[in-house]
Amino acid sequence: MSTSSTNYNKTYIQLIALHIAIGFAIYLFQFLGMIYFLGSVALLVFWVFQTGNKQNQVLIAAAYMTSGEVFFRMTGGSIIPWEAGKYSVICFILLGLVFSGTSRKSSIYWLYLLLLIPGVIYAASTLNFDTNVRNAIVFNLSGPFCLGIAALYCYDRRITRNQLHHIVWALLMPVVALGSYLYFFTPDTQDVLNGTQSNFALSGGYGPNQVATVLGIGMFALTIQLFVNGRNKLIFGLNLALLMFLTYRAIITFSRGGIFTAAIISVVFMFFYFQGVSKKKKNALSFYMIVLGIAIAMTWFVSSVRTMGLIDLRYANKDAAGRIKEDISTGRQELVSSELNFFIENPVMGIGVGKTREYREEKLDILAASHNELSRLLSEHGIFGLFALLILLIAPLFFRISNRKNYLFYSFYGFWFLTINHSSMRIAAPAFLYALALINIIDEKKNPVHRKQISG
């Protein structure tokens, strides 16, 4: 094994151990959650300035803050703003734009950002007088704006495979800290089971949907590590154990969206990665797939036993009594239908950014925020939202035609699409991972071998 490979694995193990310790420390002393957030921001800002972003360090910084956002919200206290995670991602990307600029080819995402403006202006006249207009707009547009800024930076941004792997590391580490925290914080599984609905107690007292989504990112990152860095048996075993643990924690939140998304994008990754390797390596990867399948089956079995079979009922769309539920979408289908009707009734300007919650209560006497970013864009932005949506859907596919080396393209793109359909853009993850689909993977620079000339 080469020295560089040994150092690579040693650093990886040290980072895993550090983040397990961070999760445990925050469990013991809750105030450390705020220090963790502020310290992460300070260290990453210093690092970006120190390096001048010469190797796209802002992407690693933004990835870290993206996957840490939910954990920061859970443990940061009331001092840290609710949208601080998204703000930090936006600020890091803006730093990157200052240091490294953007591609001329990214103009389509300038247009996307411009298409969001009419809905903001219109909202000023449609929102109720007692509504905090600023908060309503920021809550609904921080995600789309984060996506636009990140896409401007990432579009055709040239990075190496090694740099991409470091971004995956950054996505994983805060999730390890979250998993460690959940292990110590949550009560015994069987003590808090009260049905087949999403379980807040087993999600660390926080929203199960968002917790499961972030744990799903960790599952995906570990799946990548299993296949990309699977030759070292110790590292392979560590990654497999972590994957089983995070999968178990995600399953027992009883929130299905994050699990399905993680499973789908992991399978997509394996398919495309498998296509690009040699026949010899395919044999090794086939073995990894078998081991992974057995590990996931074992994890599900343990989850089923620990939840006394309730998790099986949950995924069979049944209640605790075994009766089939009428709506598998847990009410989301009705919300989407109402938002599409709002678009049909207001096709030009929509109803204005942040108005959906109020409008739904006025029309249908249902007080609920949107869970689907596609229908929200249409209902609140009208025809401008439709064009913005078309850009988001089509632009990456055209980019892919001439940039085919990013084997994570469809996984990143799929994560964005699947997540915004069950959780809208409440966290930065779908925005940032969408942008990562737009990077351009280049070959590593090989150091030239200098040979001494022999004179005859």
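Glycine residues also receive a Cβ, built from the backbone N, Cα and C atoms like all the rest.
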Annotated stretch (transmembrane segment, per TrEMBL) among the listed ranges 206-227, 338-359: 206-227
Listed stretch, out of 137-155, 234-251, 257-274, 381-399, 406-421, that has the most CB pairs under 8 angstroms to the transmembrane segment (167-186): 234-251
The transmembrane segment (86-102) vs the transmembrane segment (137-155): 3 or more CB pairs under 8 Å: yes
Long-range environment of the transmembrane segment (206-227) - Cβ separation under 8 angstroms, sequence gap at least 6: 67, 69-71, 73-74, 165, 168-169, 171-172, 175-176, 178-179, 182, 198-200, 235-236, 239-240, 242-243, 246-247, 249-250, 253-259, 261-262, 265-266, 269-270, 273, 285, 288, 292, 408, 411, 415, 419, 422-423, 426-427, 429, 433
Recorded stretch, among 35-51, 257-274, 381-399, maximising Cβ pairs under 8 Å relative to the transmembrane segment (137-155): 381-399
Range from 35-51, 234-251, 381-399, 406-421 with the greatest count of C-beta pairs under 8 A to the transmembrane segment (257-274): 406-421
Winner by Cβ pairs under 8 Å against the transmembrane segment (58-80), considering only 35-51, 286-303, 381-399, 406-421: 35-51
